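Each remark here refers to the structure printed beneath this line.
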Amino acid sequence: MKASIYDFTLDELSQLLKPSFRAKQLYLWLYAKYKTSFKDMQNNFSKDFIAYLEREFTLRTIEITHVRKSVDGSKKYLFKSLRDNHTFEAVLLKMKDKKIDEKTNAILEGEKYTVCVSCQIGCQVGCSFCFTQKGGFVRNLKASEIIQQALLIKEDNNLPIEKALNIVFMGMGEPLNNLDEVCKAIEIFNTGMQISPRRITVSTSGVADKIPILAGKNLGVQLAISLHAVDDKTRSSLMPLNKKYNIECVLNEVRKWPLEQRKRVMFEYLLIKDLNDSLDCAKKLLKLLNGIKSKVNLILFNPHEGSKFERPSLESARMFADFLNSKGLLCTIRESKALDIEAACGQLREKKLSQQI
């Protein structure tokens, strides 16, 4: 089976292609000009070289099969692998953006886009609140399949080449359980699509022994930890992984995470009614994160089919956030985007092609 050209970093292509400058030319065609056929690259390449590319590599290995649009402008995409027909989802989040013009100090309003990518089909972690785990684990995604999610979404929305995306590994799967492919995808996002590592966030459920491995790659990405509880008993009931990597084990590795000045580790905290949304829980969370440069992102539980949990009130979420902020721990409440199309946090899963999304 031919290798996907999107599976190769710039360095790998430079070593493979002769002369090596062909790699940079090819990267421009792939990631700046969105070409999906080697024949469309004839301006730079000879017929013999194009024949070589067609013989050795393939381009697109996934396709969009369904798109659902939310009232807030966000979109959920169902992708199908062209190799094994398995499906997976990704989400485009559309948000308002404000910037200050450095020359006039005027406030400029615009839009920013975040692509929530999947790194696995299904998930092995088995969090009880997450819809993804309902379908079980199928396989890891290749770097090329991760990259193509962003490429196809950008292409589908006619976003200009210069429009920067934010990438969050918060879709289906646990990124640290597919670390090699995730790291390769991050490198290609950076060198190919020109997405700064500062715009890329890797979210983990707490695979503690792989956090230092990710740190050692020196990729410069942002780290997010799915915490969701302030004691091991509650966290283990929500996230079985906690029985192997308990809260203190995870926090010990987070304390070693290299942070740039003014940067913080994000802790995601899913608020579930009458389980972990009390003021007492907020006080315990403050104590847990003492000494860690952190910020807390509160997520109100998003209901899904078969779930036993309930969404808390916005009032209780504000009380939780207000307490943390009053004590100097930066805390925000995440706006639930794409809730009406079941594309919010914890709502993605593999679907059969016959199913509507």
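Note that Cβ sites are derived from N, Cα and C of the backbone, with glycine treated the same way.
Annotation source Swiss-Prot lists active site, proton acceptor at E89. Per Swiss-Prot, active site, S-methylcysteine intermediate is recorded for C345, and the stated evidence type is sequence analysis. Among the features that Swiss-Prot reports, [4Fe-4S] cluster binding site is placed at C123, C127, C130. The feature S-adenosyl-L-methionine binding site is assigned by Swiss-Prot to G173, E174, S203, S226, L227, H228, N302. Annotation source Swiss-Prot lists disulfide bond at C116-C345. Annotation comment: Swiss-Prot describes 109-340 as domain 'Radical SAM core', evidence class sequence analysis.
Here the features listed in Swiss-Prot are painted onto the structure.
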residue : record                               : CB count, 10 Å
E89     : active site, proton acceptor         : 26
C127    : [4Fe-4S] cluster binding site        : 20
C130    : [4Fe-4S] cluster binding site        : 24
G173    : S-adenosyl-L-methionine binding site : 28
E174    : S-adenosyl-L-methionine binding site : 26
S203    : S-adenosyl-L-methionine binding site : 21
S226    : S-adenosyl-L-methionine binding site : 26
L227    : S-adenosyl-L-methionine binding site : 28
H228    : S-adenosyl-L-methionine binding site : 24
N302    : S-adenosyl-L-methionine binding site : 21
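For C123 ([4Fe-4S] cluster binding site) paired with S226 (S-adenosyl-L-methionine binding site), the C-alpha to C-alpha distance reads 15 Å. Around C116 (disulfide bond), the same-chain residues at least 6 positions away in sequence with a Cβ under 8 Å from its Cβ are A90, V91, L92, L93, V168, M170, G171. Across G173, E174, S203, S226, L227, H228, N302, which the record gives as binding S-adenosyl-L-methionine, the greatest C-alpha separation is 19 Å. Counting every protein chain shown, the number of other Cβ atoms lying within 10 Å of the Cβ of C123 ([4Fe-4S] cluster binding site) is 27. You'll find the Cα of E174 (S-adenosyl-L-methionine binding site) roughly 12 Å from the Cα of C130 ([4Fe-4S] cluster binding site). In the predicted model, the domain 'Radical SAM core' (109-340) shows an average pLDDT of 94.
Using Cα positions, the member of the binding-site residues C130, G173, S203 nearest to the residue listed as 'active site, proton acceptor' is identified as G173.
If you take the CA of C130 ([4Fe-4S] cluster binding site) and look 10 A around it, the binding-site residues you hit from S203, S226, H228, N302 are N302.
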